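As written in TrEMBL, here are the features:
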TRANSMEM  21-44  transmembrane segment
TRANSMEM  152-172  transmembrane segment
TRANSMEM  179-199  transmembrane segment
TRANSMEM  205-225  transmembrane segment
TRANSMEM  322-346  transmembrane segment
TRANSMEM  352-370  transmembrane segment
TRANSMEM  377-396  transmembrane segment
TRANSMEM  402-425  transmembrane segment
TRANSMEM  437-461  transmembrane segment
TRANSMEM  467-486  transmembrane segment
Amino acid sequence: MPTLDDILEHIGEFDLFQKRAFFVLCLLSASFTPIYVGIVFLGFTPEHRCFHPGIAELSSRCGWSLEEELNYTVPEHREHGESLSHQCRRYDMDWNTTGLSCTNPLENLTGYSNRSSIPLTPCQDGWVYDFSGSSIVTEFNLVCEDSWKLDLFQSCVNAGFFIGSISIGYIADRFGRKLCLLLTILVNSISGVLMAFAPSYRWMLIYRFIQGLVSKGGWLTGYILKTQFSLNTHCYNDIFYFHIPVPDCLYCRCLPESPRWLIAQQKNDKAMKIINRIAKGNGKKLPPSLQSLNPDEEDGEKLSPSFLDLVRTPQIRKHTLILMYTWFTSSVLYQGLIMHMGIAGGNIYLDFFYSALVEFPAALILILTIDRIGRRYPWAAATLVAGSACLITAFVPDSIYWLKITAACLGRMGITMCYEMVCLVNAELYPTFLRNLGVLVCSSMCDIGGIITPFIVYRLAEVWHELPLIVFAVVGLIDGGLVLLLPETKGKTLPETIDDAENMHRYCTIYPKRNGHHYIVHLRKNLEFWPLTHLF
């Protein structure tokens, strides 16, 4: 009996139907992108000062301009504990006192000629924000003593990513990819709307966690579907994703269930209906010899992966530890650079636009280099560039703005390349039975990094504004060195066993073409020729 890959070779490995499904699934990330990086806008913290009703009345009576009001009533820019005094403290005096002078009210009321001698007190009546727009910071007053709540807001979504990527993955394996995908899109949409109308910070935090819970898991489910409509090769790893919002009903209408999942669930009849639908979409017709299906995976011993397999043998243990650190680094630098840009004091819209543009050349550079130069050297170079750019950005004065923003953009380009490369190489370093578990465990460090990044950025910036960049530089430069310790995977078969993974440096592959198919010469298997489609 033919396998699914045999049938796909006949009806089209990546033809019109698969391309259409792939395009629709690529639109998934549109809902994931603002959740992941939208904190730069949602969490924007504008200049602020304590509000006092007496000051507003006095300013109106005296006819002060904004500059005069700030000069007469706002404390000087001096450090006071953990917060800037002019943002989180006000003069400890009663501005409602009658008979205050309009030219020197402080000396008139307190008798102090030196402002620094006037005692300060925390803000008690809220804050005034020098910002015409709105963010969660201005909506819920997440400043001064409550500024840590902004850190928690972003950490909460990453905690959702961590839990959701595991739980949603189980649901997709148990109940099917399509049903799981539709449910996550629906829940994500509802929680996003509810968060916009959240009546309190606590409810907003709950909706934010739900968004994280379903958004990454849904994205991963869509990624799996992308790969399961085509031949079981690793060619899809070289594809990068674009993100545009799409209604849930479009996914329901355009996407079938994964035929591979149906076969694994012993539902061959349903799988054949979908295969016929794919054939019709590609303008092909199945011959009678391909009208029945045979499960297309290994007939030999099936191995059950365990967490111990990730650290039991020396080479896989080394790969696991380095990959975990690299996922952590990618998340910390990528999210951290975006968050730091939000507190840099420039035009956040233009700065974000400029830094986002560099992700296109980042993807192009990888496409042009990974199959020519390899994975390891471009990966290490990108990480070292990211770390060095953070260091340069930290010490470039604000007066040389063009150089500062250029270095920041190079940092984002470098860490974008690192992020995309680790997604590819992580799967190539583990044997078949351990691959899913290896990717899951290593990539979980990405979410751990995302949980602590807000605290690194916002808390360290209170000590010194550029201190987070110094931390990012150290983390990135260390990672650039560690990446060089990984084996090169360009042109090598994906390992099938623990022994293959432990000895990747001892075998190689080439890709001659025979009878229209790519074959692989495997030095560790007596130079036998193996069809590419049979390796997975």
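Just so you know, the numbers here start at 1 and follow the chain as drawn.
Just so it is clear, glycine is given a Cβ too, placed from its N, Cα and C backbone atoms.
For the transmembrane segment (21-44), the partner stretch with the most Cβ pairs below 8 Å, chosen from 179-199, 205-225, 352-370, 377-396, 467-486, is 205-225. Two recorded stretches are said to be in contact when at least 3 C-beta pairs lie under 8 angstroms, sequence spacing 6 or more; the transmembrane segment (205-225) and the transmembrane segment (322-346) fall short of this definition. As a quick check, the transmembrane segment (402-425) and the transmembrane segment (352-370) clear the bar of 3 or more Cβ pairs under 8 A, pairs 6 or more apart, so the two touch. Within the chain, the transmembrane segment (152-172) has long-range Cβ neighbours (under 8 A, six or more residues past its boundaries) at 35-36, 39, 42-43, 136, 142, 180-181, 183-184, 204-205, 208-218, 220-221, 224, 335, 339, 440, 443-444, 446-455. The transmembrane segment (437-461) makes no contact with the transmembrane segment (377-396), as judged by fewer than three Cβ pairs under 8 Å among residues 6 or more apart in sequence. Contact between the transmembrane segment (467-486) and the transmembrane segment (179-199) is not supported, since fewer than 3 Cβ pairs fall under 8 Å when only residues 6 or more apart in sequence are counted. Below 8 angstroms of C-beta separation, residues 326, 329, 333, 337, 362, 365-366, 369-370, 403-404, 407-408, 410-415, 417-418, 421-422, 425, 466-467, 469-470, 472-481, 483-484 of the same chain, each at least six residues beyond the ends of the transmembrane segment (377-396), sit close to that stretch.
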